[in-house]
Amino acid sequence: MDVEKLEEIRDQERKEDTFTPMPSPYYMELTKLLLNYASDNIPKADEIRTLVKETWDTRLAKLRLSADSFVRQQEAHAKLDNLTLMEINTTGTFLTQALDHMYKLRTNLQPSESTDSQDF
């Protein structure tokens, strides 16, 4: 938990359009545990908490934008490179519900195949 390294990670995340690899797939869980139960033993704990939170917020904002773009473009699949399970779980419910609504709307807009046609 080096402040300079965390600043680099935060800045890189803000600069890139895609998700950058995190130092650990459990970075948020580990940070919360360590700072909640051992912050007295960690130098610059408040600074570290802020940097990790800023990185988390940046990544979730990117994830929301990606999900919005995914839904608007009516994509069938998405790559989730460099996302952690906690980040995926944060938006998983929203995204699955949005896709379910899109599916229902699409099926209601398609003409019924059982319509009888009248040939003369």
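Each Cβ is built from the backbone N, Cα and C atoms, and glycine gets one as well.
Using DSSP to sort the residues of the compositional bias 'Basic and acidic residues' (1-18) gives these counts of helix, strand and coil: 13 helix, 0 strand, 5 coil. The compositional bias 'Basic and acidic residues' feature in TrEMBL is assigned to 1-18.
According to TrEMBL, the feature domain 'GINS subunit' maps to 1-104.
Residues annotated as region 'Disordered' in TrEMBL: 1-22.
Beyond the region 'Disordered' (1-22), the same-chain residues lying 6 or more positions past its ends with a Cβ under 8 Å from any Cβ of the stretch are 31, 34, 42, 44, 47-48, 51-52, 54-55, 58-59, 62-63, 81-84. This prediction places the mean pLDDT of the domain 'GINS subunit' (1-104) at 88.
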